[in-house]
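Here's the structure, in structure tokens; my notes come after.
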């Protein structure tokens, strides 16, 4: 009996726990290395637009610049302002970073490649992205300074404005896919769509939701910029107005955690756009040599394409005024996304093509 309970404990609890921890550590390492090079790519793209070289000294072509920056931040001493609430001040960057990383627990980068392939994966990511505002509000309030506090208030209003639009975008995709499971959303873009209707099922690129839902793709792209405080919606950390926004009192490792959380959140939005609109890990053409390439490579290429679009917005679009930002969210995107939900639902119902 004792042997039975011991074996049940090992196979039913301990071994799955060890596997999950190993998967989490592997994902964390891969994600952090990817973020280092995404940050470098962001700086390189910005430099190319401005006809500069960008980071090119540390390592060949500047490939180790992000690791040099990491070492610099870690070796600096964190300074806490005299009037700050020390506990909340130090907890804020940790909250921001951990919540951003937690979203990747449900994101599949290939078929079956997810730590937790839950049936409500989209809702989980939506909830995590909504909670990320708390790290910024904690930082703004605990710094005991007017610039971070004003940035925190801006951030709260900005994220509430664009969360609603992103929610309606997700609803339109769910109507087409018929599921909240992220892997099932990708598989739905392989099984049915325009390519199947015209008798060319190998052209999976025609099944991607970016084509029938292109207005919602644009809304998602712009809302993702606002959600992650990226230019031209970087009013939370506007250098010309608020110095560095909610991070003005931060330095050393806490500042590094905020930057890490910001770029992980950007990467999460790119991954979500890849899954919802660009077919996830599916090749554009389901024929050799395209389907010889591993799905995770296609996923990474599409993710970087989305990041390139976000980086280009930083380089070429001027910053919006705060009232313009609010007007765009509430008077343009919210009505547009709501109308699109009604149109998509009507077309699916009356055409008889709604998923069963």
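Including glycine, each Cβ sits where the backbone N, Cα and C put it.
Copied over from Swiss-Prot, here are the features:
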type	residues	note
TRANSMEM	18-38	transmembrane segment
TRANSMEM	87-107	transmembrane segment
TRANSMEM	120-140	transmembrane segment
TRANSMEM	166-186	transmembrane segment
TRANSMEM	205-225	transmembrane segment
TRANSMEM	265-285	transmembrane segment
TRANSMEM	292-312	transmembrane segment
TRANSMEM	333-353	transmembrane segment
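Sequence-distant contacts of the transmembrane segment (18-38) (same chain, six or more residues past either end, CB-CB distance under 8 Å): 63, 66-67, 70, 101, 104-105, 115, 260, 263-264, 266-267, 304, 307. Beyond the ends of the transmembrane segment (292-312), by six or more residues, the same chain brings 38, 41-42, 45-46, 49, 109-111, 113, 221, 224-225, 228, 230, 266-267, 269-271, 273-274, 278-283 to within a C-beta distance below 8 angstroms of the stretch.
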